[in-house]
Amino acid sequence: MSSFSYRTLTVALFALICCPGSDEKVFEVHVRPKKLAVEPKGSLKVNCSTTCNQPEVGGLETSLDKILLDEQAQWKHYLVSNISHDTVLQCHFTCSGKQESMNSNVSVYQPPRQVILTLQPTLVAVGKSFTIECRVPTVEPLDSLTLFLFRGNETLHYETFGKAAPAPQEATVTFNSTADRDDGHRNFSCLAVLDLMSRGGNIFHKHSAPKMLEIYEPVSDSQMVIIVTVVSVLLSLFVTSVLLCFIFGQHLRQQRMGTYGVRAAWRRLPQAFRP
């Protein structure tokens, strides 16, 4: 066999393997948006399109409410509404008997609308521990949430959360710290960040109202002994002064009553007995 014939056979065999049929058309299906985050009961517009010039059939598969807004041969535009849970939308087209599809992932979220910070106790001695608690009610998805605890501009602690049930949850973070002298002049705060960028959404921030501690210096044992001694002495002096005032008052009363008694008896004596 000549080299020309061998090359021709090789090319023909390659064409049969790689290109099995000239009538089988390759086409693509696209969906916009590919992913999106919406609030509960929200809606979104979805566009399904294909590169097939004359698709036989096409559409959007979903269990949610949908309305076909507009369409042409190569695309269809839908409104999907009443989205209450995470779901997958599927665009599909059939071209020359072959079906292709592409999915759009939809996530439901609730941003942090309330961030509650609590300091316990609020009156703390220097060197003693206290607890910082931050609570965010009704937020989802939890695995996209991060809570930051601040002392002034300093980040004391931050915490992320694992994937939870697909429903609004309450997120809580607790951190124990030790009070120092400057804490009485610093604001404590909490920041909630819900990052939905990976889900086709935005980033939501919500700060708590700032809180402050009341700081005092603890009293040493020697100072306590002095204070107790001084208080005891002052209390003794007070009691003694009260008793002396009472005794002195009784003495004056008796003296006055004794003088008045002699004069009254003198007046009652008959004239004959008076000198």
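Positions of Cβ are set from backbone N, Cα and C atoms, glycine also.
Feature annotations, reproduced from Swiss-Prot:
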type	residues	note
DISULFID	Cys48-Cys91	disulfide bond
DISULFID	Cys52-Cys95	disulfide bond
DISULFID	Cys134-Cys190	disulfide bond
DOMAIN	127-197	domain 'Ig-like C2-type 2'
CARBOHYD	Asn47	N-linked glycosylation site
CARBOHYD	Asn82	N-linked glycosylation site
CARBOHYD	Asn105	N-linked glycosylation site
CARBOHYD	Asn153	N-linked glycosylation site
CARBOHYD	Asn176	N-linked glycosylation site
CARBOHYD	Asn187	N-linked glycosylation site
SIGNAL	1-24	signal peptide
TOPO_DOM	25-223	topological domain 'Extracellular'
TOPO_DOM	249-275	topological domain 'Cytoplasmic'
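What Swiss-Prot annotates, mapped onto the structure for a quick look.
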{"residue": "Cys48", "record": "disulfide bond", "DSSP (3 states)": "strand"}
{"residue": "Asn82", "record": "N-linked glycosylation site", "DSSP (3 states)": "strand"}
{"residue": "Cys91", "record": "disulfide bond", "DSSP (3 states)": "strand"}
{"residue": "Asn105", "record": "N-linked glycosylation site", "DSSP (3 states)": "strand"}
{"residue": "Cys134", "record": "disulfide bond", "DSSP (3 states)": "strand"}
{"residue": "Asn153", "record": "N-linked glycosylation site", "DSSP (3 states)": "coil"}
{"residue": "Asn176", "record": "N-linked glycosylation site", "DSSP (3 states)": "strand"}
{"residue": "Cys190", "record": "disulfide bond", "DSSP (3 states)": "strand"}
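Sorting each residue of the domain 'Ig-like C2-type 2' (127-197) by its DSSP state yields 9 helix, 44 strand, 18 coil. Just so you know, the Cβ of Asn176 (N-linked glycosylation site) picks up 9 other Cβ atoms within 10 Å once every protein chain is counted. A count of other CB atoms within 10 A of each Cβ picks out Cys48 as the most crowded of the disulfide-bonded residues Cys48, Cys52, Cys95. Ranked by CA distance from Cys95 (disulfide bond), the recorded positions Cys48, Asn105, Cys134, Cys190 have Cys48 at the top as the closest. Taking a C-beta cut-off of under 8 angstroms and a sequence separation of 6 or more, Cys134 (disulfide bond) has the following same-chain neighbours: Val115, Ile116, Leu117, Thr118, Leu147, Leu149, Thr172, Val173, Thr174, Cys190, Ala192, Ser208. Comparing CA positions across the glycosylation sites Asn82, Asn105, Asn176, Asn187, the one lying closest to Cys48 (disulfide bond) turns out to be Asn105. Nearest to Asn187 (N-linked glycosylation site) in space, judged by Cα atoms and limited to the recorded positions Cys52, Asn153, Asn176, is Asn153. Its Cβ taken as reference, Asn187 (N-linked glycosylation site) is surrounded by 14 other Cβ atoms within 10 Å in the chains shown.
Comparing Asn105 (N-linked glycosylation site) with Asn176 (N-linked glycosylation site), their Cα atoms are 40 Å apart once rounded. Of the listed glycosylation sites, namely Asn47, Asn105, Asn153, the sparsest Cβ surroundings within 10 Å are found at Asn153. A straight line from the CA of Asn82 (N-linked glycosylation site) to the CA of Cys91 (disulfide bond) spans 19 Å.
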